[in-house]
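As recorded in TrEMBL:
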type     : residues : note
TRANSMEM : 6-24     : transmembrane segment
TRANSMEM : 44-65    : transmembrane segment
TRANSMEM : 71-95    : transmembrane segment
TRANSMEM : 102-125  : transmembrane segment
TRANSMEM : 131-152  : transmembrane segment
TRANSMEM : 164-186  : transmembrane segment
TRANSMEM : 192-214  : transmembrane segment
Amino acid sequence: MVSPDTIRTAIGVVGNGTALVLFLSPVPTFIRIWKKGSVEQYSAVPYVATLLNCMMWVLYGLPAVHPHSMLVITINGTGMAIELTYIALFLAFSLGAVRRRVLLLLAAEVAFVAAVAALVLNLAHTHERRSMIVGILCVLFGTGMYAAPLSVMKMVIQTKSVEYMPLFLSLASLVNGICWTAYALIRFDLYITIPNGLGVMFAVAQLILYAIYYKSTQQIIEARKRKAVAMTDVESGAAAKNNPSSGAAANGRY
């Protein structure tokens, strides 16, 4: 018979895969930044926030804090490397005040995590106490990260369009949340359960919105295409009126 720990490990491996998909989802954005040589109006805040979340979970997964959490360390360590790459690219293609702000945020995050690690490891002397302190912080930061799609969901309701809420990412978020919630419930871990349980709720809400507004989204896109075609025809007609010689040439008058 398969042991609960084996099932938990298998689920954690799947969770690692889905989380990796989510970490890599901004790649098209950074390809665009690379090609244009500018960050344009993009914000570094999501990547800085995700980096902080990953650093806190790596701290949580350390054997000195919460033993038997290697899968938590592997995926969040990978996430740290990915987010640092994004931030490095952002810094390379940003200027002035924007670059300074990102550098300050980055320095503040590193100092904060280092301070938490030093205080927890030196002042809390049991795994339970260390797990509780770091776990509560992880819940706060993790919930904030999972709640980020709320602004997109608000836009979907206002515009009645899911054009800027990709179905693939919503599905990946749902599978990721389910995997890590199941992982946490097999050997109960409140601090992993709360943010990932909320992540499942937010992902389900996104999929419900997708089902509600999919048809209206297609109608909006089709209307936009028809409008673009109509405007092209109007511009072509106006150009022909302003250049009658082309019409004369077409009629063989020259």
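Heads up, the Cβ atoms here are built off N, Cα and C, so glycines get one too.
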Long-range Cβ neighbours of the transmembrane segment (44-65) (under 8 Å; 6 or more residues past either end): 23, 26, 72-73, 76-77, 79-80, 83-84, 86-87, 90, 94, 98, 101-102, 105-106, 109-110, 112-113, 116-117, 120-121, 127, 130-131, 134-135, 137-138, 141-142, 144-145, 148, 191
Best-contacting stretch, by C-beta pairs under 8 Å, relative to the transmembrane segment (6-24) and drawn from 71-95, 102-125, 131-152, 164-186, 192-214: 164-186
Intrachain neighbours beyond the transmembrane segment (131-152), with Cβ under 8 angstroms and 6 or more residues off its ends: 46, 49-50, 52-53, 56-57, 59-60, 65-66, 116, 120, 124, 164-165, 173, 177, 189-191, 194-196, 198-199, 202, 206
Chain residues outside the transmembrane segment (71-95) and at least six past its termini with a C-beta under 8 angstroms from it: 9, 12-13, 15-16, 19-20, 23-24, 26, 30, 33-34, 37-39, 42, 44, 47-48, 50-51, 53-55, 57-58, 60-62, 102-103, 106, 183, 192
